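Contents: one structure, followed by commentary.
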Amino acid sequence: MSSLTYLKKYELPPLPYNLDALEPYISKEIIDVHYNGHHRGYVNGANSFVDRVNKILKGEISSGQYDIQGLLRGLVFNINGHKLHSLYWQNMAPAGKGGGKPGGVIGDLIEKQYGSFEKFKALFTEAANSLPGTGWTVLYYEVENGNLQIMTFENHFQNHIAELPILLILDEFEHAYYLQYKNKRADYVNNWWNLVNWDFADKKLQQYMKK
């Protein structure tokens, strides 16, 4: 009989560029606070809940000494926060290396499904600007039927939301833009298009298409 390994902990991935690499569209100050503060906080939060779950599995905490719904909710929230932020960083490229119109397979699929990149961009932007409160706007690939789907969701409490085949992801929590854009979230959304890493999105799409 194999020995139990219990839940493994999460690690903060390295930022794929320097803190100032996304300027002038996203400031160094925002990236520093966002990555070293908020993202690190999700990793630490997830690991704190992992420790508690492992203590339950080991019998160190007995039934009645914890709130299982609160425990699972906190675990999912922090894991999703960590995984979605990891995608968000990779989904952007330094100023001058990102943005523009997509090529490759993703460019062809966008043209085929939406008619033009301009129509897709307008629809994604409209979805992002219509998001109430805080959350995310994403483009994901439906493996079952090959569709590209635009979706918004508030916060990140949803179970396994981070496991969707996400190709593009836009963080719309205030910590992603407020230090620079204040209450002008639409300006942040518009400028984010200058940073989109289409090469990364295209590689992700091709990976999902093989499944």
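Using the three backbone atoms N, Cα and C, a Cβ is placed for every residue, glycine included.
According to Swiss-Prot, the features are:
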- HIS34, HIS85, ASP171, HIS175: Fe cation binding site (BINDING)
Least buried by Cβ count (within 10 Å) of the binding-site residues HIS34, HIS85, HIS175: HIS175
CB-centroid shell, 8 A cutoff, Fe cation site HIS34, HIS85, ASP171, HIS175, site residues removed: TYR35, HIS38, HIS39, TYR88, PHE173, ALA176
Cβ neighbour count within 10 Å of ASP171 (Fe cation binding site): 23
Reduced DSSP assignment, ASP171 (Fe cation binding site): strand
